[in-house]
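S.K.: Okay, these came from TrEMBL:
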DOMAIN    29-121  domain 'Ig-like'
DOMAIN    131-220  domain 'Ig-like'
DOMAIN    225-319  domain 'Ig-like'
REGION    328-350  region 'Disordered'
SIGNAL    1-23  signal peptide
Amino acid sequence: MLFYRHFWIAGFSVLAVLENTSSDIVETPIFDTRAENVTVLAGETATLPCQVESLGKKYMVVWMSPKMILISNGDRRLMDDDRMSVERPYDPDWNLHIRKVRYDDRGMYRCTLNTNPVSVKAVHLRVDVAPDINEEWSSSNTVVNEGTTVELHCNASGVPTPNIRWYRKTKYTSATEKEPIGTPGEILFIHNISRYCDGIYECVASNGVAEDESKEIRVDVQFKPEVRLLTKRMGHYLGKETILSCVISASPQAEVFWRKGDKKLVTEYGKYRSDVFHDRPHTLTLNLQIYNLQKEDFGNYTCEASNKLGGDTENMLLYEYPVRRAEVPTSTLPPGKANIRGGSGAGTTTTFPRFNNQITAYNKFNRNGPVEMEWNGANSYFGFPVLLRTLVWTLCIAVYNLSSFT
């Protein structure tokens, strides 16, 4: 014979179906009521344990939510949430499974048994949340002027609360190496930022329960142009060609050109050619090549650069080298003599004037060199031999056969 009876569990009326037997002896269930803690990462499946041995037909297992809402009666789900179910891998098990756990699922769950008094097993569910960086509340790529103060924000959530660290990536670091910068926290301050501080900054949020979350923020630092010359004076010979160079640093990229006086030089064709070489970020070299130098090409040249933040110039002087000519000097000093050894004229003595500075001597008659000329005249001040080679001799101390020079 069957009969029905109501039980009140945690303020709820539960209808139980009981079977009358010929015996009034009912075995008492063995219920493990020890409280337990379960920790799970949001998005995963949580298993809340509950074991009852010798349950019999008189008793039933009921799960209650942290908000005291009836979840299940026996193995039948009562709550309208298909993520939850009672799983029984073994006969004593009445485990509550929660799939795709959300942070809102956290709290104290109760597995109850309708004994008198009611038996309760408390299971506390803790839900950890992986770090997550909120793009809307974090900084994006930014462009700033040199000398200003920059604030970079990195807004991250998670359970436990994430720790935020800052790094800067440079050309000297590999993909796995980063340069720590600043102090941990949601905001990175860069005071009086310079052009050398531009680059990619990275915030990394970590809380130890899942993989770190990171975000890269590019910072571009703008500054007005700066012009630098490798030399401010350059000499060259008439009729030759030369190259003038200047180095320009600027951000954004500057308009660059050479001018002579008030005239901006046209370099696409003709006498001038301009070449630009990008050495490194924000820095370039501007070369001006000048062909067939004439008198009017010598003078002051200006390397000029400008962008929206300002401009800069530097001046270079291009001057003409004097033409070097061989001259036969005259002297009223007492003459000297030289003994010629080897080659044509060997064994003879030649008279020539003495000079206090170096000269260049041209011997049109001797092609059999070398000829050694040793100064041995009066008032001698050179006491060493001079070796004369080829038809053009330099650093001579004497002129051989002076009368034959033209």
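Glycine residues also receive a Cβ, built from the backbone N, Cα and C atoms like all the rest.
TrEMBL labels come from automatic prediction, so no person has curated them.
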S.K.: In the predicted model, what is the mean pLDDT computed over the domain 'Ig-like' (131-220)?
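M.R.: Mean pLDDT, the domain 'Ig-like' (131-220): 92.
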S.K.: Give me the DSSP three-state residue breakdown of the domain 'Ig-like' (29-121), ordered helix, strand, coil.
M.R.: 3 helix, 43 strand, 47 coil
S.K.: Which numbers of helix, strand and coil residues does DSSP report for the domain 'Ig-like' (131-220)?
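M.R.: Across the domain 'Ig-like' (131-220), DSSP assigns the residues as follows: 3 helix, 44 strand, 43 coil.
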S.K.: Which residue counts does DSSP give the domain 'Ig-like' (225-319) for helix, strand and coil?
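M.R.: Within the domain 'Ig-like' (225-319) the tally stands at 3 helix, 63 strand, 29 coil.
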